[in-house]
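Worksheet for the structure shown next.
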Amino acid sequence: MENLGYAGGQVEPGEKGTQAADSRSVASPMNSSITLQTISDDTKTTTSTRDKWGRDIEFMLSCIAYSVGFGNIWKFPYTALKHGGGAFLLPYLIVLFIVGRPIYYLEMILGQFSSRGCVKLYDLAPAMRGIGVAQTIAMFVVMTYYAPVLAITFRYFVASFSSTLPWSECNPGWANCVNSSFVGRLEPTNGTAVGLQSSAELYFLKEVIHKAPSLEDGLGMPDWKLALCLLFAWIVVATILIRGAKSTGKASYFLAIFPYVIIIILLLQTLMLDGAMQGILYFITPQWDKLLSIEVWYEAVTQCFFSLSVCYGGIIAYSSFNNFSNNVHRDAVIISWLDTFTSIVAGCIVFGVIGNLAYVSGQPDIQKLARDGAGLTFMTYPDAIAKFQFLPQLFAALFFLMLFIVGVGSNLGVTTSIITAIRDQRPQLRHWQVVLGTVTVGYFFGLLYLTPGGFDFLDVIDYYGAKYVTLTFAVLELATVAWIYGVDRICRDIRFMLGIETSFYWRVCWGLIAPAATLLILIFSFADFELQKVPMGYNVLGLFIYAIAVLQLPGWYCYAVWRRRSKQTESLRKAAHNALKPMDIWGPESDTVRLQYQTEEEQYQNSQPLELSTVQRIKKRMFNMG
């Protein structure tokens, strides 16, 4: 791995102000002799500085490629439709402004300031390191099923080049099937129209994933065609990751920009379809009676949370490769709004096509034609495309190419988070070794989801190992950073790094609104909890994964206290308290810059009054007010 470090980062201890900030900010794509101490609590080793993006724009493009993914293409349109159409957009935009964007900016700040991944980040509070480990577990779970969805997408992309779309016509062996290429309305005759399924739906269920009726008989064997597609997907990801941030940054120009070229083409073509405007109007027309529903706001927060991919570790990992002075405030604002814009445009495309499907099929209720998740992408959309009279293959190829590209961009962020966590803890490992090891494990785990029972298994693993783990530790992450490390210290770190003051908006969102909203989501999720409708063994497996993640927090807390107690210099109570304080090596990556930072922080702490009331402490921590 080519290490990119600071070329102009030598700051004289006496330099202050703009000169110091300017000196810190210069980075060069050359190997550097500057070193960073890495740890495990009290063991210090020395390693080269981490990889850096070639240009600041590559970081922003990589974050766009990571954040804009399947959640924008299939989850947002369906969620908006289900919860009030246009009325859903208002709470979503409000939530984006007070929860999504602040968390996004916060994670960018933490990663860039410390040059650490989501596990090493907790040098700021070693007792809470279990949060980063648990988030890495959640990311591993996501990684195992993200690539299989990419594999199915790629298979559809290849199938789009057939002279006749293979899902447009029924296989003679399929019962109760109607050709997706059929344009018109079926008139029920003696009950023959009851229970009919489109050829697109049956193609997905019988030819692509060979879906089993249930998990009662186990997962089954993976489909060999999908196994080859999965191999191709992982080869693409490994090829991009093999040279670290340098190659990922170069790939981001294509992964972040080209999908928008396809999206614009698809939008223009969709608008020319008969009935498309009816579908789009149905998508954006507000149902104001649903605006007062708690569930709508819950779904808005959840959608914003997962659409931006915050509290997974990917944003922290990407920003850890930044130059020290990169303007992440600008990046956070641009990316969060672009993510929302993409979701809305994708919704117009999806429901424009569904509107066309309703028009040609004579189905007046558009909501009956829309499915959630994979059903929307691999059944409803292909069914509509098969009805196009002009080059349906072109439309299909563009759509699945776009989906594959945005999926690769998101998978890069997921995998990078895991690789960064491993290399932060084991810097002696070569980068290419970690990449190949990670993608190999990801490939073999991914085969489980390409079996006849794979999609049901995916729902279980995602439910316990991704959704609940992520929500639980998002609450703990925000509590740790805002209240243990402190909003006031975050603001001082920003001033030291970027030379800007943090506004009241960011402070109150970080300290109050975002943690409260995330906690409410978690409580609402637990109140709504129910076991999945699968054999009990799969629920036990899911609960086991969640338990393993949750146990990381007390486990690492006890470990941090034990390491401090082993020095025999602190009482148990004092060790438990001090384990929540930043380690001696916490701070910027450069030794010289970190020394200046620690000196300034020590001077600040010494200038503060010793005795403060509870109210004064809260005001100081939240708003840096005396």
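Keep in mind that glycine also has a Cβ here, set from the backbone N, Cα and C atoms.
What TrEMBL says about a protein is an automatic prediction, not a curated fact.
Note that the structure is a prediction, hence the values are computed from the model and not measured.
Sequence annotations record features per position, and here TrEMBL assigns region 'Disordered' to 1-30.
Residues annotated as compositional bias 'Polar residues' in TrEMBL: 20-30.
Residues 149, 245, 248-250, 252-253, 255-257, 259, 303, 306-309, 314-315, 318-319, 321-322, 326, 331, 334-335, 338-339, 342-343, 346, 350, 372-374, 376-377, 402-403, 406-410, 412-414 of the same chain sit 6 or more residues outside the transmembrane segment (57-74) yet have a Cβ under 8 Å from a Cβ within it. Under the heading transmembrane segment, TrEMBL lists 57-74 (among others).
Summarising the annotation, TrEMBL assigns Na(+) binding site to V68, N72, S307, S410. The number of other Cβ atoms within 10 Å of the Cβ belonging to S307 (Na(+) binding site), over all protein chains shown, comes to 25.
Look at TrEMBL and you will find 86-106 (among others) tagged as transmembrane segment.
Taken from TrEMBL, the feature transmembrane segment applies to 137-158 (among others). Through the fold, the transmembrane segment (137-158) approaches residues 70, 208-209, 225-227, 229-230, 232-234, 237, 312-314, 374, 377-378, 382, 396-397, 400-401, 403-404, 407-408, 410-411, 414-415, 417-418, 438, 442-443, 445-450, 454, 458, 461-462, 465-466, 469-470, 473, 545, 548-549, 552 of its own chain, all at least 6 residues removed from its boundaries and within a Cβ separation under 8 Å.
With a cut-off of 8 Å between Cβ atoms, the residues of this chain six or more beyond the transmembrane segment (224-242) that come close are 147-148, 150-152, 154-155, 158, 208-209, 248, 251, 408, 411-412, 415-416, 419, 431-432, 435-436, 439, 442-443, 446-447, 450. Residues or ranges marked as transmembrane segment in TrEMBL: 224-242 (among others).
Annotation source TrEMBL lists transmembrane segment at 254-284 (among others). Beyond its flanks by at least six residues, the transmembrane segment (254-284) meets 61-62, 64-65, 68, 77, 80-81, 85-86, 89, 342, 345-360, 366, 388, 395, 398-399, 401-402, 405-406, 408-409, 412 of its own chain at Cβ-Cβ distances under 8 Å.
According to TrEMBL, the transmembrane segment annotation covers 296-321 (among others). With a cut-off of 8 Å between Cβ atoms, the residues of this chain six or more beyond the transmembrane segment (296-321) that come close are 50-53, 59, 62-63, 66-67, 69, 71-72, 75-76, 79, 82-84, 87-88, 91-92, 94-96, 99-100, 103-104, 107-112, 114-118, 121, 132, 135-136, 138-139, 142, 244-245, 290, 328, 335-336, 339, 343, 410, 413-414, 416-417, 420-421, 470-471, 473-474, 477-478, 517-518, 520-521, 524.
TrEMBL lists 333-359 (among others) with the feature transmembrane segment.
Look at TrEMBL and you will find 394-422 (among others) tagged as transmembrane segment. Outside the transmembrane segment (394-422), and at least 6 residues removed from its termini, the chain residues within Cβ reach (under 8 Å) are 62-70, 72-73, 117-120, 132-133, 136, 139-140, 142-143, 146-147, 149-150, 153-154, 156-157, 159-161, 165, 233, 236-237, 240-241, 248, 251-252, 254-256, 258-259, 262-263, 265-266, 269, 309, 312-318, 320, 377, 381-382, 385, 388, 429, 431, 434-435, 438-439, 442.
Marked as transmembrane segment by TrEMBL: 434-451 (among others). Remote same-chain partners of the transmembrane segment (434-451), defined as residues 6 or more beyond its termini with a Cβ less than 8 Å from a stretch Cβ, comprise 143-145, 147-149, 151-152, 209, 219-223, 226-227, 230-231, 234, 237-238, 241-242, 415, 418-419, 422-423, 457-458.
Under the heading transmembrane segment, TrEMBL lists 463-484 (among others). Residues 103, 106, 110, 122, 124-125, 128, 131, 134-135, 137-138, 141-142, 305-306, 310-312, 490, 510-511, 514-515, 518-519, 521-522, 525, 532, 539, 542-543, 545-546, 549-550, 553, 580, 621 of the same chain sit 6 or more residues outside the transmembrane segment (463-484) yet have a Cβ under 8 Å from a Cβ within it.
Beyond the transmembrane segment (504-526), the same-chain residues lying 6 or more positions past its ends with a Cβ under 8 Å from any Cβ of the stretch are 95, 98-99, 102-103, 105-106, 294, 298, 301-302, 305, 311, 467-468, 471-472, 474-475, 478-479, 481-483, 487, 490-491, 621-624. As annotated by TrEMBL, transmembrane segment applies to 504-526 (among others).
Residues or ranges marked as transmembrane segment in TrEMBL: 538-562 (among others).
Counting same-chain residues at least six beyond the ends of the transmembrane segment (86-106), those with a Cβ under 8 angstroms from any Cβ of the stretch are 79-80, 283-288, 290-291, 296-297, 299-301, 303-305, 307-308, 310-311, 315, 328-329, 332-333, 335-336, 340, 344, 474, 478, 481, 490, 506, 509-510, 513-514, 517-518.
Other Cβ atoms within 10 Å of the Cβ of S410 (Na(+) binding site) number 24 in total over all chains. V68 (Na(+) binding site) has a Cβ environment of 29 other Cβ atoms inside 10 Å. Shown in sequence order, S67, G69, F70, G71, I73, L308, S309, D339, T342, S343, V406 are the same-chain residues outside V68, N72, S307, S410 whose Cβ sits within 8 Å of the Cβ centre of the Na(+) site. Sequence-distant neighbours of the transmembrane segment (538-562) (same chain, 6+ residues past either end, Cβ-Cβ under 8 Å): 41, 126-131, 133-134, 137-138, 141, 215, 457, 460-461, 463-465, 468-469, 472-473, 476, 531-532, 572, 575-576, 579.
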